[in-house]
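A.B. asks: First the structure, which I've put down as structure tokens, then a few questions once you've had a look.
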């Protein structure tokens, strides 16, 4: 006990020393060229072009032929989802995909929002841009950039968009009405992949900042989870004067002295400001540690040799579906590992899930999306300058209880000193906008209300 108190005292002093040194820094904006070859002498075409998702008989026939030739290994008895995606349930997915799923219909769903492309730093950047159908008299819409992660895509936001752009017609107050921009990270979906090494979250942040300027927004709001959280954080570090507010549902806070308090155990947690809810979500330590180990194997592969596994996944739609949908199971709720079907249809429809898979399959971007891990983590954890820079823009955070790792308010506030809103969400996991659009929309609106009171 006395040893624990001594360790807590020493760690408390270290935390105080780090916090007292706090100073505002920003990242260097810089520039880049990620297209093939050298940057041309001519100025880049800055036009914004309408884009439409399309398909063809050839694309669908090729998919069906590949699906029909699938080979599955029988699962172990009573293994459920503990060994990964259960191939007995995968048979149901395959049958639905081949015989019921209507990709042409889903293409129409994708096209219900306006799509565009524009060239930035040599890459064709895809985004959807949804404006409010109506605005209260004398009001303007708040520009909100929403950024996805892996293995997600812009489609994750389709259910939350109307709650933000047209709240009155969805049972919400029109006090906050948004104009929503959802880009695809370069190398994901319809955004062109980099031809050069080194395209990381800071490069993506700079490109999305240029996108917002090109759309005419000098000031804007940001929202993100997974990689989107890091990209939005980097935008706030690059151009804080342009970011009016930052809302996150994931916080990457590894280079944060407060995270060390996690290792002191549950009994001393209260000394460092952990609430009862924090303690429930973080402990027992062994359970959280093993969850992180179980759920991070993919990260090691993608941070080291993404192209190898990418070759397999880009050649097999069934393999791609198993690889991605397993994340939609356990990252939504780790207890879904105990279910024969991984609990996938408890939160999502098969049409929704297969649409995500098709956006990776038809664009052939699984390999380039995985490279984003190597570019960001390949030099080692805590090796990037942005990890040591705090974010000095107003921030809101939604802590969903089934997120892979819970981030207590103390952890978040150390990285984001201007945290003005921290919410323990009632339910939900990693894919917040996709799984719980109403809850996430409510928290974004709550954050905006607090922000405007300042």
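Here, residue 1 is simply the first one shown, and the rest follow in order.
Just so you know, glycine gets a Cβ as well, placed from its N, Cα and C.
What Swiss-Prot shows for this protein is this:
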| type | residues | note |
| --- | --- | --- |
| TRANSMEM | 1-21 | transmembrane segment |
| TOPO_DOM | 22-454 | topological domain 'Cytoplasmic' |
| ACT_SITE | 226 | active site, nucleophile |
| MOD_RES | 294 | dimethylated arginine |
| ACT_SITE | 373 | active site, proton donor |
| ACT_SITE | 430 | active site, proton acceptor |
A.B. asks: Please identify which of 294, 430 has the densest Cβ environment, defined as other Cβ atoms within 10 Å, among these recorded positions.
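C.D. replies: Sorting the candidates by Cβ neighbours within 10 Å, the top entry is 430.
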A.B. asks: Going by C-alpha positions, which of the recorded positions (294, 373, 430) is nearest the residue listed as 'active site, nucleophile'?
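C.D. replies: Minimum Cα distance from the residue listed as 'active site, nucleophile' across 294, 373, 430 lands on 430.
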A.B. asks: Give me the count of other Cβ atoms within 10 A of the Cβ belonging to residue 226 (active site, nucleophile).
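C.D. replies: Taking all protein chains shown, residue 226 (active site, nucleophile) has 22 Cβ neighbours within 10 Å.
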A.B. asks: Summarise the model confidence on the topological domain 'Cytoplasmic' (22-454) as a single mean pLDDT, whole number.
C.D. replies: 95
A.B. asks: Going along the chain, which residues six or more apart from the residue listed as 'active site, proton donor' have their CB under 8 A from its CB?
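C.D. replies: The residue listed as 'active site, proton donor' has long-range Cβ partners 150, 299, 302, 303, 306.
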A.B. asks: In Å, rounded, how far does the Cα of residue 294 (dimethylated arginine) sit from the Cα of residue 430 (active site, proton acceptor)?
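C.D. replies: Residue 430 (active site, proton acceptor) has its Cα 15 Å from the Cα of residue 294 (dimethylated arginine).
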A.B. asks: Helix, strand or coil: which one is residue 430 (active site, proton acceptor) in, per DSSP?
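C.D. replies: Coil, per DSSP.
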A.B. asks: What does DSSP call residue 226 (active site, nucleophile) in the simple three-state scheme?
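C.D. replies: Note: residue 226 (active site, nucleophile) is coil by DSSP, not helix or strand.
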